Amino acid sequence: MLPDLRSSIALASPELFLAIAAMVLLMIGVSVGRKATLLVTSLAIVALAVAAVWVAGFSHDGAAFGGMFVMDSFARFAKVLALAGSAATLLMGYNFIRAARFDTIEFPVLIVLCTLGMMVMISAGDMLALYMGLELQSLAIYVLAASNRDSLRSTEAGLKYFVLGALSSGMLLYGISLVYGYTGNTSFAAIAQALAADQRQLGLVFGLVFVLAGLAFKISAVPFHMWTPDVYEGAPTPVTAFMAAAPKMAAIALTVRVTMDAFEPIAADWRQIVIFISIASMALGSFAAIGQRNIKRLMAYSSIGHMGFVLVGLAANSQEGVRGVALYMLIYLVMTLGTFAFIMSMRRTTGHVENTDELSGLASTNPVMATVMTLLMFSLAGIPPLAGFWAKWYVFLAAINAQLYTLAVIGVLTSVVGAYYYLRVIKIMWFDEPVGGFLPMSGELRAVLGFSGAFILLYIVFGGPIGRVASAAAASFF
Amino acid sequence: MLPTKGGEAHSGTVMLNGLPAVFFYLFAFVAIASAFMVIAARNPVHSVLFLILTFFNAAGLFLLTGAEFLAMILLVVYVGAVAVLFLFVVMMLDVDFAELKSGALQYAPIGALVGIILVGELIVVLGGYAFSPRLAATTGQPTPPLAERANTAALGDVLYTHYLFAFQLAGMVLLVAMIGAIVLTLRHKANVRRQDINQQVARVPETAIEIRKVRTGEGV
């Protein structure tokens with residue numbers, strides 16, 4: 001069973017391109033020095049864009065490297081999202097890291113390598129590819145989180161994420177070893193085959209639990225969420241924006257692939273776990289965020305809650321559910337990037353501010369910024385007709401059609417509770433006394449914020465074609 | 001890379017006899033004895049030397065099972081690099097190991113208890129386990145019989161053919177680790193003198209050498 005190398009390389013060519021691009025960028029950066037950061041960042045964005053076009057337009061379905069690498073419409077959808085998310089964060093982050101004086105050439109290179117890891121995760125067809133992709137992605141993020149090494153909090157965030165991430169990798173590997181022990185294989189297809197042929201064994205379920213625990217850590221779902229608020233708060237804001245957007249999306253895509261491809265025959269088992277994690281995340285994301293005053297911590301809890309909503313779609317275990325997950329990830333990505341573009345613009349002459357009280361009266365000092373942020377907050381809360389509402393609509397509808405009534409009802413209730421803290425931000429902006437405006441937004445932040453606002457506002461208009469793409473993506477599992 | 005002699009290995013009743021048995025007991029005995037000496041030796045340098053002896057005997061055990069590649073790797077990597085590094089560390093960092101070990105005896109009962117429990121658990125696990133009857137059919141990378149494929153070639157198959165993708169990705173992970181270590185730790189300090197090869201090459205006698213007249217009996 002020797003994999004055909006030439007067709008494998010052809011199938012994985014966007015990944016190879018990105019890997020080579022990262023190394024070339026590194027060489028350029030090393031030979032020119034720190035002056036080259038702008039050049040390397042621009043080239044990195046170009047490389048990510050080229051890879052996205054390559055994936056979207058010029059890739060075909062199939063399996064490569066003996067089934068370790070799977071390319072299908074779901075992978076294509078998720079990869080384009082990952083590449084776009086990474087490129088957007090690079091675009092948003094450059095001025096920030098320059099102002100904070102850690103604009104090293106390695107920053108864009110690490111983001112490109114991290115994106116490579118995400119693409120491998122999304123295309124994983126084997127436990128080994130899963131682990132290597134996850135580790136490539138996580139290792140780059142550990143470094144990025146600590147990249148502002150003169151800041152104690154950034155270093156703490158990096159170290160905290162690293163220690164807990166290593167623990168979660170350990171759990172994941174233990175789970176994989178149990179699964180390997182019981183099925184004799186690491187390939188998803190072969191695991192599914194062995195599971196379908198054999199009766200369910202207890203040890204295998206243990207393996208499944210550990211694998212899901214490791215993945216839940218990466219998507220920061222309860223009860224593996226403890227690192228999230230601290231790391232989000234401590235890491236430099238562009239890195240937080242990056243962590244909250246693309247890698248999370250990739251980890252969700254990976255979770256979908258593992259559950260749908262490898263553990264499909266024991267769906268009853270993993271669905272219980274996913275439902276529990278989903279309910280716990282939604283509840284914690286809603287209640288724990290109420291007391292938060294730091295907007296990055298608030299977004300951390302918000303993202304925990306959103307991961308709970310995404311998992312509702314996965315729990316449905318249907319094509320409709322996976323479609324909901326895909327659309328939710330798209331909309332979540334756009335909303336998160338927009339919100340972080342806003343957070344990065346919370347800048348006075350004294351520096352960046354992160355407290356929600358600093359937004360006081362923004363509607364009178366900077367009405368455009370406040371309006372777009374209001375749209376984003378409404379969308380995150382799930383108010384119709386904005387995109388965030390449709391994201392929740394798809395996953396709850398899938399849950400109802402899969403007879404998961406309790407889950408859907410809990411989801412709607414926590415969504416109502418969660419609306420409180422989003423509305424609170426809006427209230428601070430519109431009804432509190434002005435405390436002085438922010439410095440003018442830079443062009444790239446304005447572009448990202450504007451795009452995000454337009455997307456969530458107009459989603460109802462062009463949601464149809466996007467929905468069809470997502471349906472095609474979901475169809476690759478059924 | 002364990003030998004499977006006609007399936008006997010699964011039942012755990014493989015008996016060694018003749019010359020292999022002699023060598024097995026020799027290597028095994030010396031390995032255990034030198035491993036004991038690693039923790040018992042007073043002089044840390046002796047400890048490391050005993051560790052090297054242990055590695056050599058473990059390599060001998062690998063050879064007996066037909067895993068010549070692992071045996072060589074064990075020698076090259078562990079003896080050649082790791083143990084020598086230990087030796088350097090032990091010799092260069094003047095750590096007083098005798099003081100470190102002075103309290104060791106008072107923890108011995110707890111250590112022994114943990115050891116006994118572990119041995120008990122290992123006996124339970126090894127005594128009670130069984131391979132799944134379908135394992136032979138589902139195994140992704142079955143070990144080829146030694147007669148058909150030498151184990152260096154078999155390892156090469158696994159690493160460079162079947163798992164080429166994962167192997168290359170591991171390379172990328174190491175690259176990220178290297179970049180990360182440099183990003184997080186390298187600082188260019190102003191007062192640190194760095195080697196500048198251009199400057200060194202550009203030296204000429206006129207700028208580098210100063211001729212002074214030294215008077216007899218007065219020194220420089």
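Note that the numbers count up from 1, one per residue, in the order the chain is shown.
Using N, Cα and C of the backbone, Cβ positions are placed for all residues, glycine too.
Since the structure is predicted, the reported quantities are computational estimates derived from the model, not experimental observations.
Annotated transmembrane segment per TrEMBL: A:12-30 (among others), in sequence order.
Beyond the ends of the transmembrane segment (A:37-57), by six or more residues, the same chain brings 13-14, 17-18, 21-22, 25, 28-29, 76, 79-80, 83-84, 86-87, 90-91, 94, 98, 103-105, 107-109, 111-112, 115, 119 to within a C-beta distance below 8 angstroms of the stretch. Per TrEMBL, the feature transmembrane segment maps to A:37-57 (among others).
Same-chain neighbours of the transmembrane segment (A:77-97): 14, 37-38, 41, 44-45, 48-49, 51-52, 55-56, 103, 107-108, 111-112, 114-115, 118-119, 122-123, 147-148, 236-239, 241-242, 245-247, 249-250, 253, 326, 329-330, 333, 337, 340-341, 344, 442, 444-445, 447-448, 469-470, 473, counting only residues six or more beyond its ends whose CB sits under 8 Å from a CB of the stretch. The transmembrane segment feature in TrEMBL is assigned to A:77-97 (among others).
Marked as transmembrane segment by TrEMBL: A:104-122 (among others).
Annotation comment: TrEMBL describes A:124-417 as domain 'NADH:quinone oxidoreductase/Mrp antiporter transmembrane'.
Annotation source TrEMBL lists transmembrane segment at A:159-182 (among others). Long-range contacts of the transmembrane segment (A:159-182) within the same chain, counting only residues at least 6 positions beyond its ends with a Cβ under 8 Å from a Cβ of the stretch, are 127, 130-131, 134-135, 138, 141-142, 145-146, 191, 194, 201, 203-204, 206-215, 217-218, 224, 226-227, 230-231, 234-235, 262.
Taken from TrEMBL, the feature transmembrane segment applies to A:202-227 (among others). A Cβ distance under 8 Å defines the sequence-distant neighbours of the transmembrane segment (A:202-227), meaning residues of its chain 6+ beyond its ends; these are 134, 138, 160-161, 164-165, 167-169, 171-179, 181-183, 195, 247-248, 251-252, 254-255, 258-259, 263, 266, 269-270, 273-274, 277-278, 280-281, 283-285, 300, 303-304, 307-308, 310-311.
Sequence-distant contacts of the transmembrane segment (A:239-258) (same chain, six or more residues past either end, CB-CB distance under 8 Å): 70, 74-75, 78, 81-82, 85-86, 88-89, 92-93, 111, 114-115, 117-119, 121-122, 124-125, 130, 133-134, 137, 141, 144-145, 147, 188, 211-212, 215, 218-220, 231-233, 296, 299-300, 303, 307, 310, 314, 322, 325, 329, 332-333, 336-337, 340-341, 343-344, 477. Annotation comment: TrEMBL describes A:239-258 (among others) as transmembrane segment.
Residues or ranges marked as transmembrane segment in TrEMBL: A:270-291 (among others).
Cβ atoms under 8 Å from those of the transmembrane segment (A:298-319) belong to residues 219-222, 225, 228-229, 231-233, 240, 244, 248, 252, 255-256, 259-260, 267, 271, 274-275, 277-286, 288-289, 292, 325, 328-329, 332, 336, 339-340, 343, 356, 380, 391-392, 394-396, 398-399, 401-402, 404, 407-408, 411, 414-415, 418, 421-422, 425, 471, 474-475, 477-478 of the same chain, restricted to positions at least 6 beyond its ends. TrEMBL lists A:298-319 (among others) with the feature transmembrane segment.
The transmembrane segment annotation in TrEMBL covers A:367-387 (among others). Long-range Cβ contacts of the transmembrane segment (A:367-387) within its own chain (Cβ-Cβ under 8 Å, at least 6 residues beyond either end) map to 302, 306, 331, 334-335, 338-339, 342, 345, 359, 415, 418-419, 422-423, 425-426, 429-430, 438, 441, 449-450, 452-453, 455-457, 459-460, 463.
Sequence annotations record features per position, and here TrEMBL assigns transmembrane segment to A:393-423 (among others).
Marked as transmembrane segment by TrEMBL: A:444-462 (among others).
Using a Cβ-Cβ cut-off under 8 Å and counting only residues 6 or more beyond its ends in the same chain, the transmembrane segment (A:444-462) has close neighbours at 88, 91-92, 94-95, 331, 334-335, 337-339, 341-342, 344-345, 369, 372, 375-376, 379, 385-388, 390.
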